[in-house]
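Per TrEMBL, the feature domain 'Glycoside hydrolase family 65 N-terminal' maps to 14-269. Feature annotation from TrEMBL assigns domain 'Glycoside hydrolase family 65 central catalytic' to 327-698. Annotation comment: TrEMBL describes TRP362, ASP363, LYS610, GLN611 as substrate binding site. What TrEMBL records for GLU497 is active site, proton donor. According to TrEMBL, the feature domain 'Glycoside hydrolase family 65 C-terminal' maps to 707-770.
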Amino acid sequence: MLRSTLSTDEWLLTESGFDVAKANYFETVFTVGNGLLGTRGSLEEGHLGELSGTYLNGVFDSHDSPVIDLVNAPDWLSVAVRVDGVRLDVQSCTVVSHHRALDMRHGILWRETVFEDDEGRRTRLETLRFASMADRRLVGLRVQITPENHTSEVTVDSAIDGRRRNLERLPVYPEGTTFEPEIRWEKWARTKHLVEVGAASELDAIYLQMRTVDSGIHIGYAATTQASKTAIRQSTDRSFERISRTGTYEVGLGETLRIDKLVTVATSRDIDADSTPLRDSCFDALWARRAEGFDACREASSRVWERRWTDSDCEIIGDADATQAMRFNIYHLLIAANGDDNTVSIGAKSLSGEGYRGHVFWDTEILMMPFFTYTQPETARALLHYRHHTLDGARELSRSNGTRGARYAWESADTGREECPQWTQDGANRFWTREEELHVSADVAYAITTYVAATNDTALLLDFGAEIVFETARFWADRVEPAGERYVLKTVIGPDEFHSHVDNNAFTNRMVEWHLGQANTIWSWLKTEHPDRFAEITDAIALTPTEVSRWHDISEWIVEPVVSPEGIIEQFDGYFERDEIPIAEWDRNDMPRYPAGYNHFNCETTKLLKQPDVVMLMYLLPDEFDAEAKRSNFEYYESRTLHKSSLSPAIHAIMGIEVGDFTRALKYFTRSAFVDLHDNQGNTHEGMHAASTGGTWQTLVCGFGGFRVLNGHMSFTPWLPEQWEEIRFRLQWRGSTVRVAVRHNEIELGLDAASGTTEPIMVCGREYTLSSQRDSVIAYSRAEVGIAI
Ligand code: IFM
């Protein structure tokens, strides 16, 4: 039984019974991946209404689509089984039973389905698939077929299928039209991004090479299938954009036929296809892996998974569901990032679906990056490197808007060009984010400095970080406008995307001020500590001291937001004059509904927020606002926030805990942690809410664990819900590992570092010293030190 290879139950996410209406949801949540690729959890044989896809990180193409797409790449999974000519699938047979389990600990998806055909033949189909973490170019699928009440000829067709299309848009149908799940996606226009280059077979292995039409990326897959018994017939079948290997076997009653499929993937992005033909690269890797065998490949991947979990796991003792949800979110973060590739990041839907067409937003730097910085710093470094890889695109974007330096695109793909659509898919509403949501440039600088503070990896600044911080600072210096003695930043969108064309958005202005301050600090540090590198960088970008002193001037004089007598920071100029529209209805998840007559595109005139803006600022710059400012602003803005972005609940959970609003904080934690597990936005079929996965991790660590970096030191101000006994997590900090266990009245901290290492920390505002010699148990009381309870 393949199931016996799975981890214990608490690491499993399960499905029982096949429900076509839920199939697309499971396709997303059961995605397997390794950062190089993600493969949705579709049935190997397919079904009517499937939304299947494999996505290769960085493989984008814009042919035949209005906006560049992350390409729905050739399908490696395809296996069709016929029993005496009858295809085993949910349309051709009755599904007697169907079970699947995602083993999050080892990145394995297991399945067992019993089919019965019209002749009453019952056949058990078991599969197990993985995307190797040990060799990212490798994916594997084991298929086991067992006739339960018959002896039959079983034919297995194992294919590489290049006939893939991306979803485009649904043509206009009368409002409220619903489609049967089986035909839902057939209604959509589709985009073709791939053309065949060629196919081949070598021994019993098959090979298909496709090319993206506009971006010209070659994609090669080689596949081998090994059977547990000798076939009575075998063939290689070749059709346009598809190649398969078919074997027919005589399988007796109760006998199990096993087919192991190993597939290697290479693209011209990864290798120099002129010097090593893609085909050779795929076959060489395939023969090597095949020689090791399926089990060895799977075990090698599992070992890497174990190591990743050692650093990343979060446990909530006393709440098994919450622990499972944490692991689910972390699993999806781990399969989204490729620490071996400096040219890719993580899209808003990771590699788990086509939502947002695979584009990269500030979600990576602000919501996901803390997880990587504090648990997998080498991956965080690679993710930051993506912003250097796309710096020329950002420079071009800035130039095209008449400013110098570099401005990161609101939606970025392979080159850093702006890829954000101007219009909603139905053409009815205009998005202004591509023109106005500028804060992403400061967010990138924020992620860089946070990473450096956490890792002491100042080499990153020398390699590429300083250049990014300087070039983006330069953009701000041109984008602000002098207004008397001050500088203003007009016509922007802050994180709250309900309000466009606003002036002096508090979040953006304050982040610009902070960014320019950091740019100054890094400039001085580089000049003093690394004069040669300083000369190289400043020469290369022709940066002058006059420019740098202007940064200082702007950071001193950029307009400060209006603060009401009650201490509320005005979100942007004139926000306080907008209409006060109360939120009066909540949905079944206890999340606000739009007030009657309002939607995403007409909240402009109101004080309603889509997601945190001032509250987000207070989270990102914790040193700069006092407890009372955080409390009053949280109260004011939380009551006006509709959470129409999945980024919103996590930040409200964290800030809710900080200000002592625990009931709301818990509600927001649940909303964030389960957004995809419970599909409570109703769109999980489009892909995971990747920002929310990172936000959920931050909720546990920075919310319940109360972790912040204050004045350069680790600080913890924890709070636990009554029903939880303890939370456990680990943080990577400047080359050491800090083990954290938070209980109701004490926090236990261990420092795994070279003997004699010490680390100053704060717990609830009091100073302590951690030592690598022994773990510390520190009693804490928020009340005692006047922290909100
Ligand atoms: O980046 C987010 C944005 O903040 C809200 N709308 C969705 C985007 C992608 O997740």
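Any Cβ shown, glycine's included, is placed from N, Cα and C.
Because TrEMBL annotations are produced automatically, they should be read as predictions rather than curated entries.
Sequence features annotated in TrEMBL and their locations in the structure.
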residue : record                    : Cβ contacts under 8 Å, 6 or more apart
TRP362  : substrate binding site    : HIS439, VAL440, ASP443, VAL444
ASP363  : substrate binding site    : ILE346, ALA348, LEU647, ALA690, ALA691, GLY694
GLU497  : active site, proton donor : THR433, GLU437, HIS600, LYS610, GLN611, SER645
State, in Å as a whole number, the widest CA to CA span among the substrate-binding residues TRP362, ASP363, LYS610, GLN611 given in the record.
16
For the domain 'Glycoside hydrolase family 65 C-terminal' (707-770), what are the DSSP-based totals of helix, strand and coil residues?
0 helix, 42 strand, 22 coil
For the recorded substrate site, enumerate neighbouring residues of the same chain (Cβ within 8 Å of the Cβ centroid of TRP362, ASP363, LYS610, GLN611, site residues themselves excluded), in sequence order.
PHE361, LEU367, PRO495, GLU497, SER645, LEU647, SER648, ALA691
In terms of DSSP three-state secondary structure, what is the assignment for TRP362 (substrate binding site)?
helix
Confidence summary for the domain 'Glycoside hydrolase family 65 C-terminal' (707-770), mean pLDDT rounded:
97
